[in-house]
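K.L.:
Grabbed the feature section from TrEMBL, which reads as follows:
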- 12, 13, 44, 45, 76, 77, 185, 186: substrate binding site (BINDING)
- 75: active site, proton donor/acceptor (ACT_SITE)
- 184: active site, proton donor/acceptor (ACT_SITE)
Ligand code: DGL
């Protein structure tokens with residue numbers, strides 16, 4: 001029998017964090033993951049920040065009550081709104097939060113033109129504004145994409161509808177960006193459409209792989225890595241419908 005402490009909890013407002021889960025599984029195939037998506041309350045990104053904070057604290061409580069050995073907040077919006085208070089409330093836990101991959105962009109294009117596409121909450125929270133201050137040489141463009149999370153939740157991240165929405169949002173940036181940071185974990189599921197619109201000149205960057213590396217490092221430091229041959233993924237979703245589980249599995253395996 002394995003203990004519940006074998007699991008790494010992964011949380012997002014919905015299905016987006018599966019883009020991070022995929023990187024986590026790649027980096028640590030021997031680990032057991034318990035993914036909780038709060039699709040019943042998605043999208044978080046346009047809600048008042050206090051609401052996002054409370055939803056995140058509730059979701060974290062739920063995962064900690066299941067006894068996970070680490071929590072990965074696979075949602076930029078939840079990280080922006082609640083990671084500090086989460087760490088204050090659970091000083092003994094390993095908590096990793098994803099943030100927009102500005103460092104990767106700055107390493108590749110130190111004085112480049114870089115778009116950061118993220119939710120309203122992420123773009124307006126202190127956390128992101130602080131992060132941006134670290135890269136004064138970058139030409140940063142904040143881009144919000146209302147409607148995109150909903151399309152990904154509906155399994156339409158690579159649809160014509162999504163392409164129409166994104167052509168409108170990205171029109172001012174075509175041919176102008178060295179990189180576009182996908183600062184919301186739902187957006188990698190529209191990567192094909194985004195790269196078709198922006199073309200090869202613009203690199204698309206996301207924080208999934210970096211978050212997975214950081215999680216691996218933290219577990220290694222704490223001597224909490226699982227032995228080989230233990231890998232498992234459990235999916236939970238606050239919507240609880242067969243459709244949402246099927247979509248989650250499609251995104252995980254797609
Ligand atoms: N996936 C979340 C993020 O990384 C946000 C989606 C939402 O608005 O709920 O920011």
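In case you wondered, yes, glycine gets a Cβ from its N, Cα and C as well.
Remember, TrEMBL labels are computer predictions, not curated facts.
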K.L.:
Counting every protein chain present, what is the number of Cβ atoms, excluding its own, within 10 Å of the Cβ of residue 13 (substrate binding site)?
P.N.:
32
K.L.:
Cα-Cα separation of residue 45 (substrate binding site) and residue 75 (active site, proton donor/acceptor), in Å?
P.N.:
10
K.L.:
Considering each pair of residues in 12, 13, 44, 45, 76, 77, 185, 186, all listed as binding substrate, report the largest CA to CA distance in Å, no decimals.
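P.N.:
With 12, 13, 44, 45, 76, 77, 185, 186 as the binding residues for substrate, the largest Cα distance is 12 Å.
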K.L.:
Look up residue 12 (substrate binding site) in the DSSP assignment and report helix, strand or coil.
P.N.:
strand
K.L.:
Measuring Cα to Cα, tell me the gap between residue 77 (substrate binding site) and residue 184 (active site, proton donor/acceptor) in whole angstrom.
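P.N.:
Residue 184 (active site, proton donor/acceptor) has its Cα 7 Å from the Cα of residue 77 (substrate binding site).
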K.L.:
If one measures from the C-alpha of residue 12 (substrate binding site) to the C-alpha of residue 75 (active site, proton donor/acceptor), what distance in angstrom results, rounded to a whole number?
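P.N.:
Here the two Cα atoms are 5 Å apart.
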K.L.:
In which DSSP state, out of helix, strand and coil, do we find residue 76 (substrate binding site)?
P.N.:
helix
